[in-house]
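> So that we are looking at the same thing, I have put the structure below in structure tokens.
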Amino acid sequence: MSEFLTKSRARNIFYGGSLFFIGIFGVLTIDSHLYIVNEATSKMPLTDEVVLGKHIWEKNSCINCHTLHGEGAYFAPEVGNVMTRWGVLDDPDDAAETLGAWMESQPSGIEGRRQMPHFELTDEEVRGLSEFLRWADKTNTQDWPPNDAG
Amino acid sequence: MKYSSQKVAYAYFVAALGLFAIQVLGGLLAGWIYVSPNFLSELLPFNIVRMLHTNALVVWLLLGFFGAAYFIIPEESEREIHSVKLAYIQLIILVVGTLGAVVSYLFGIHEGREFLEQPLWVKVGILVAALIFLFNISMTVLKGRKTAITNILVIGLWALSLLWLFAFYNPDNLSLDKMYWWYVIHLWVEGTWELVMASILGFLMLKLTGVDREVIEKWLYIIVATALFSGILGTGHHYYWIGTPGYWQWIGSIFSTLEVIPFFLMMTFSFVMVWKGRKNHPNKAALLWSLGSATVAFFGAGVWGFLHTLHGVNFYSHGTQITAAHGHLAFFGAYVALNLAVFTYAMPMLKARSPYNQVLNMASFWLMTGGMSFMTFVLTFAGTIQTHMQRVVGEDFMSVQDQLTVFYIMRFGAGAAVVLGALLFIYSVLVPRKELFTESTGSTPEAKAVLEGGR
């Protein structure tokens, strides 16, 4: 190895190979971008309500307790399929009402139970958040999670 | 220390160690909340504590990398840093931004993408600091001697700074958001940071073992080639379940399996260099941290990463305590231990002392590594049970969590050992002033070796 693979050959392999893989990754990124927009997330339109909901989700740092499509903190339940779990996936009004009632009742204050903080949200914001979670639930995630427990 | 401008590194290391303390104390608090969930729940909720824990970690590791670059590059390029003033300005921007972020988190002001929660002005500050840094080191490197170590270090730092631009891109479409978010997160820790790690490890091996530079540099190019060849398409292991196409399940599984190779090579490289090297460098603690880093990185990033990276496994284990177990050992081995290795190596020179308090420093290595390993084991057990009960049996999240309490108690104990180790490390490199010596009295061969970086 030592005679064939000189330092400058190793360097050139590093440069050339890296550029090759960056190129492939770039092409696959474009394809994935189009797939997400046109197929995976096309079941429900990306409305202003959904965008507002995403903003609420971010503003309150929900990701640092919950997971969403399995990503986030592992302190609180998965919410990528919470609307399925609650049986309100296809009923926007029921979804917003259920979510609003849940958030209103937090924190539970039960001793020895993980506590969700109280978030002051307007009805419009609760509606946005529930639409965002319904939108996420309708995303084609290759059938993940395995069951409703999330 | 051959160049006076290397002294800049000292300020970076001290700032990094301060944040290291905040990070581990935040982690300890988060671990306690798992055990006793009502603790501080209204005053300082878990999500805020976790942001402090993860953000402090990332920033102190970056400060350590920047400091290490300012320490290594003058010696490699054989010239002073282009502008010492710019280096300090860069540090001030980073420290002000970090403290600003910490204070604003405590008041609930933050953005909301995991790890990228910094308010916009802090993100811009990080970008400005990165640009100053790139200008400063590039000018130094361009005018000086070119080596593979500086070449790889500078490529890694340029690439990670450019990838930071994706932190500013937050599409309304959640799946797109997630796909580009990994451009920062994955391509940092499983791509560009590995370049930085390999070059720093290469520098340490060069200094500590005395092996021929040609040999070390050839190894380095092979290591970083395998890192990028596997790591770039290895991003696919994050694209299984977020709305991206199904073909990522195969690409991600295959290439992220190959991601074990660079970590295996870095471990092999370190041990082979030590066996080959005939030099008996006095700084034994730096050698312990270097070998420890390469070894624990192989287990944490390599083995524990492979454990749940195949898509058939990940379908069940994704987003459980298995992920937490892997994350902790991988970060500790690859990036925490490596930073502590370079601090341990450089501090005696920066403070003009002989490699003091080896025993305390080495004890801190075993405390931290032991604690982290134990934490990884108990979280792996917790994650295995969680995966089965929640993902296979289908039991409700919280009722499964309630049954994992015993593991969370053990994790807290392990975390306490890590915190003790971290505080002991900080004490051992900063405080004791025994064996202080100056250029004039430091005439023993050992003192010479330290002052001149082992050459």
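Glycine too: its Cβ is placed from the backbone N, Cα and C atoms.
Below are the features listed in TrEMBL for this protein:
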DOMAIN    B:220-455  domain 'Cytochrome oxidase subunit I profile'
TRANSMEM  B:12-35  transmembrane segment
TRANSMEM  B:55-74  transmembrane segment
TRANSMEM  B:86-108  transmembrane segment
TRANSMEM  B:120-142  transmembrane segment
TRANSMEM  B:149-169  transmembrane segment
TRANSMEM  B:181-206  transmembrane segment
TRANSMEM  B:218-241  transmembrane segment
TRANSMEM  B:247-274  transmembrane segment
TRANSMEM  B:286-307  transmembrane segment
TRANSMEM  B:327-347  transmembrane segment
TRANSMEM  B:359-385  transmembrane segment
TRANSMEM  B:405-430  transmembrane segment
> Most CB pairs under 8 Å with the transmembrane segment (B:55-74): which of B:12-35, B:86-108, B:218-241, B:247-274, B:405-430?
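Of the candidates B:12-35, B:86-108, B:218-241, B:247-274, B:405-430, B:12-35 scores highest.
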> So what pLDDT does the domain 'Cytochrome oxidase subunit I profile' (B:220-455) average out to?
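In the predicted model, the domain 'Cytochrome oxidase subunit I profile' (B:220-455) has a mean pLDDT of 92.
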> Which sequence-distant residues neighbour the transmembrane segment (B:405-430)? Criterion: at least 6 residues beyond either end, Cβ under 8 Å.
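Same-chain contacts beyond the flanks: 14, 17, 20-21, 24-25, 27-28, 31-32, 34-35, 321, 340, 343-344, 347, 357, 360-361, 363-372, 374-375, 378-379, 381-382, 385.
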> Does the transmembrane segment (B:181-206) reach the transmembrane segment (B:247-274) with at least 3 CB pairs under 8 A, where each pair is 6 or more residues apart?
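Judged by the Cβ rule, the two regions touch, with the required three close pairs present.
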> So what's near the transmembrane segment (B:149-169) in sequence-distant terms, Cβ-Cβ under 8 Å and 6+ beyond its ends?
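Counting only partners 6 or more residues beyond its ends, the transmembrane segment (B:149-169) has Cβ contacts under 8 Å with 65, 69, 72-73, 76-77, 116, 123, 126-127, 130-131, 133-134, 137-138, 141, 180-181, 183-184, 187-188, 191-196, 198-200, 202-203, 206, 216-217, 220-221, 224.
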> Any residues 6+ beyond the ends of the transmembrane segment (B:12-35) with a Cβ under 8 Å from its own?
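Sequence-distant neighbours of the transmembrane segment (B:12-35): 41, 44, 46, 49-50, 52-53, 56-57, 59-61, 63-64, 66-67, 70, 91, 94-95, 98, 102, 336, 339, 343, 346-347, 350, 405, 408-409, 411-412, 415-416, 418-419, 422-423, 426, 429-430.
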> Determine which residues of the chain contact the transmembrane segment (B:120-142) at the Cβ level, with the cut-off under 8 Å and only residues 6 or more beyond its ends counted.
66, 69-70, 73-74, 77, 79-83, 86-87, 89-90, 93-94, 96-98, 100-101, 111, 150, 154, 157-158, 161, 164-165, 167-168
> For the transmembrane segment (B:218-241), could you work out the same-chain residues 6 or more beyond its ends whose Cβ comes under 8 Å from its Cβ atoms?
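Distant Cβ neighbours of the transmembrane segment (B:218-241) are 148-149, 152, 156, 179, 182-183, 186-187, 190-191, 194-195, 198-199, 202, 248-249, 251-253, 255-256, 258-259, 261-262, 265-266, 269, 273, 309, 311, 314-315, 318.
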